[in-house]
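Could you have a look at this structure, given as structure tokens, before my questions?
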Amino acid sequence: MTSLPSPSARTCRDYHHPYDPYDIQLQFMDALYETLQNGYKIGMFESPTGTGKTLSIICSSMTWLRDYKRNYNLNTKLLEGNVSNNDDKQAGEDHEGTKGKDDDDDDDDDDDDDDDDDDDDDEPEWVKMAYQKSIVDKSKNKLKDFERHLNEVDQAYKRRVQKNKEANLGTKIRNVARKQQTQEDPEESFLPNDYNETNQESFINDVESRNLQLSTEIERLMKSSIINNNGSGSNAVDDAAAAAAAAATDDECPTKIFFTSRTHSQLNQFSSQLRLTKFDASFKDLEERTKYLPLGSRKQLCINDKVKNRKGEQSINDACIDLQKTKKGCTYLPNPSNSSTISSATKEFADLSLAQIRDIEDLGDLGSSLHTCPYYSVREGIKLAEVISLPYQLLLQSGSRDALKLDIKNSIIIIDEAHNIFDTLTSLYSVKITAAQLSRTIKALKIYMTKFLKKLNSGNRINLMKLTKLCKLLMDFLQSDLAKSAKLGDQVVGEEIFQGSTGDLVNIHKMEAYLNKSKIAFKLQSYMEKIGVEDVGTDFKLNSSSPILFDIVKFLKCLSYPKKEGKFFWDRIYGDNGGCEVSLNYMLLDPCAVFKEIVDQAKCVILCGGTMEPTSDFTDYLFPSIKHNKIKKFACGHIIPKNNLKVIPVGQYYGNFDFLYNRRNDLDQFKRLGEFLIKICEIVPAGIVVFISSYQLLSDIVKIWRETTIYSRLNLLKQVFEESVENTKLTSLLSEYSYVINTQCKGAILLAVVGGKMSEGINFSDNLARAVIMVGMPYPNAFSGEIVAKRNFIEEQVITKGGTIQQARAKSYEYYDNLCMKAVNQSIGRSIRHAKDYAIIILLDYRYQTPKVQGKLSKWVRDRIANNTTANTFDPFLETKKFFSFPIRSTK
């Protein structure tokens, strides 16, 4: 990452930060603004947790966008006006020239053109200035009218809500709708859509086309509403304002900011931070709100109880589409037979969604209030939005962008928590199946066919039998001798799966078309839930959000259209009971092909995070084709004073701390670790969080401590808490841990696992973590199928490009090493949350004392490593005492 600019080199630009920004926030905002302004294609920004990163992103990017729009309005609009004026003039000249024109007039026409050009050049300056002002004023007045229109709609809505609240009408309407929705469906609703194989081509993209058709219908109804609006009704606006709103849709700025993050809470935080800000308008002497839209999936935005309460996102999607095809349809969606009422609500929703900064929950409440679907209606505001937030999957999948009609060309893409981007891309395009899963599916299919066989048309009967046969062949393959003897990570060629069977007679492409058209996965799941046999017996933890058939469908799609950047390979799935089962995996191994489409279309892609190191993975595997001079790297320090954090690498305590995999059963080292922690607990106040590389290692260590006096001695000093693999216990564990720290003088110690919920989703501020201790280096299992397959792929790529075997192995090891260091940075970055916070970080392993490992720590951590930690005279306990004896440390 690049070094920080000197104070004298920074700009004095006003970023409209709602508070007095810290120096590092100004550095961050300067760097991001310059990245956008100077034509960089990629920006990589690291800002530690607790440094106000989100506000810095908002203020710098929105300041740039308003500056850009202001310049766009002054220059581009003027250019468009000149072109339009010249076109009109030329059209008039061409019309005149056609009267009595003959070949002898050609030279005269050329002379006339020259004369016209001279006339344009000779126009007085005041005429040119007046013309320029008229062009700019036209756009300014459009914006002013639209802002006034949004104000009027917002105020009218608030008055109506208050009136309805007083009359208690809203609840009555919603209860009636909910009662209608929860009525029991007849058995016919579980039947798959009729299927005729001769028409299968038209059904391949059925879901996507239906989404696009519905969006088009909403858009048509909105336009119709604007044209026919007669000013009546409780939410009426005058014709001039409606016309201004319609005109504004053709006058949007071509550049938008797309902000994406991994979790719902992070996106809501973005909304709340955006509410704090206010920026200069795109025109002088004008008030302009920030026009913001949060986009989400049906799971987040659906307000139909019958649909949104289904299990799994894909099941919700299919239920929505299925409901639209019924005679009554969905009560919240446009109905052509009642277009005036529905389009009015849809249009009002689109306006209200832009009138204020709202989060996803606000849009759900707004849709319920207006009795219109938020998922579809919110799209109608996209054209005029300046800032759009959305979860990773909606941005990273081209099909999702198409369904939402998202045009990311020339836009600013900001990816927050970017260290998650690799895992997200991989999971979106990867799937695994097991024999137990297939057995479960076959059993469910037999139950389903026994019930509905006589009601199925021939196309469904034939294809369900083929699907059952296909699942049986896949199950046999997973139980074959080949599968049992295969090494983890070994590649599987698609043709091998059906070799020696009649499976090759089943056309996978046609089967995929059938699955898309019939919605059998959704129908099957619905019926299984109704009769109460969803779980037909497996101890292995598969994706519970994709029950019964959905993962099988995804796997068959990968089998039908495998990406060249992905591969099939063998792996294992381990159950809670200690057993394991063979799995057949498909995994996207090269994410750059998927990401390239986004990079190519966007004006600039900004990757932000609290822990971006090591950064080489981004440049090597996410955008390798981007030249280094088009990549801006920035890393800032922390807002805390330098003496509020100390980092101590510890390589030995009565022997080396060496937590290599081959020493995972070193009982002596486990005991020395316990004795070290006891001495630390005697010094550190309040809470201590200890990160250990795996649940198994944590269990082994605690077992040894309990067999000796270590655990009881540790518990006397600080109450011991252990992270459980069960997520259901997380909330109660944290609550009890916090309660003990806040009510008992001795404090507590939390034994957590790297990669668990504690290491990624929880921030340990203030007394919750006065010390964070990392035990060993958390390398992932080198022999897992996914790691083996990924490293093999990297080595193949290096050799294909002319590299040696040694270079290939070095490159794949660097990837493996970086996985470990990312986990380290992510875990130890949870302790500092604000400017007055303080903590000590202890890294227990001799490898943390090496320059190579320290070079991959986050910059703000690296800068605070204690001096001379490898010297024989270095005493980590003395350093810890010094840290907490500093006056500020004596109180919270």
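Each Cβ is built from the backbone N, Cα and C atoms, and glycine gets one as well.
Positions annotated as ATP binding site by Swiss-Prot, on the basis of sequence analysis: S47, P48, T49, G50, T51, G52, K53, T54. According to Swiss-Prot, the [4Fe-4S] cluster binding site annotation covers C302, C320, C330, C373, on the basis of similarity to another entry. Positions annotated as compositional bias 'Basic and acidic residues' by Swiss-Prot: 86-102. Residues or ranges marked as motif 'DEAH box' by Swiss-Prot: 416-419.
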If I take the alpha carbons of T54 (ATP binding site) and C330 ([4Fe-4S] cluster binding site), what is the distance between them in whole Å?
38
What are the DSSP helix/strand/coil residue counts across the motif 'DEAH box' (416-419)?
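Taking the motif 'DEAH box' (416-419) as a whole: 2 helix, 0 strand, 2 coil.
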Which residues, given as numbers and ranges, are at least 6 beyond the ends of the motif 'DEAH box' (416-419) yet have a Cβ under 8 Å from it?
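44, 53-54, 57, 259-263, 266, 270, 607-612, 618, 822, 825-826.
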State the Cα to Cα distance, in Å, between C330 ([4Fe-4S] cluster binding site) and T51 (ATP binding site), rounded to an integer.
45
Say you check the Cα of G50 (ATP binding site) against those of the binding-site residues C302, C320, C373; which is nearest?
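Going through C302, C320, C373 one by one, the closest to G50 (ATP binding site) is C302.
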Taking the centroid of the Cβ atoms of S47, P48, T49, G50, T51, G52, K53, T54 (ATP site), which other same-chain residues have Cβ within 8 Å of it?
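Once S47, P48, T49, G50, T51, G52, K53, T54 are set aside, the remaining close residues are S56, G610, I639.
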What number of additional C-beta atoms lies within 10 angstroms of the C-beta atom of K53 (ATP binding site)?
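Summing over all protein chains shown, K53 (ATP binding site) has 22 other Cβ atoms within 10 Å.
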Which one is it: of the binding-site residues T49, T51, which Cβ has the fewest other Cβ atoms within 10 Å in this structure?
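The binding-site residues T49, T51 were compared, and T49 has the fewest Cβ atoms within 10 Å.
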Whose Cβ lies within 8 Å of the mean position of the Cβ atoms of C302, C320, C330, C373, the [4Fe-4S] cluster site, other than those residues?
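So the additional residues around the site are R298, I303, N304, V307, K308, L323, Q324, Y332, L333, Y375, Y376.
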By Cβ count within 10 Å, point out the most packed of the binding-site residues listed: S47, T54.
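The largest 10 Å Cβ neighbour count belongs to S47.
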What are the non-local neighbours of G52 (ATP binding site), defined as same-chain residues 6+ apart in sequence with CB under 8 A from its CB?
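In sequence order, the residues whose Cβ lies under 8 Å from that of G52 (ATP binding site) (at least 6 apart) are P21, Y22, Q25, I639.
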Which chain-mates of P48 (ATP binding site) that are at least 6 residues away have a CB under 8 A from its CB, listed by sequence?
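Set apart from P48 (ATP binding site) by at least 6 residues yet with Cβ under 8 Å, we have G610, T611, C636, G637, H638, G829, I832, S858, W860.
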Given the binding-site residues S47, T51, K53, state which is nearest to C320 ([4Fe-4S] cluster binding site) when distance is taken between Cα atoms.
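Going through S47, T51, K53 one by one, the Cα closest to that of C320 ([4Fe-4S] cluster binding site) is K53.
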Any idea what the Cα distance is from K53 (ATP binding site) over to C373 ([4Fe-4S] cluster binding site), rounded to a whole Å?
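Computed Cα spacing between K53 (ATP binding site) and C373 ([4Fe-4S] cluster binding site) is 33 Å.
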G50 (ATP binding site) has how many other Cβ neighbours within 10 Å of its own Cβ?
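Other Cβ atoms within 10 Å of G50 (ATP binding site): 20.
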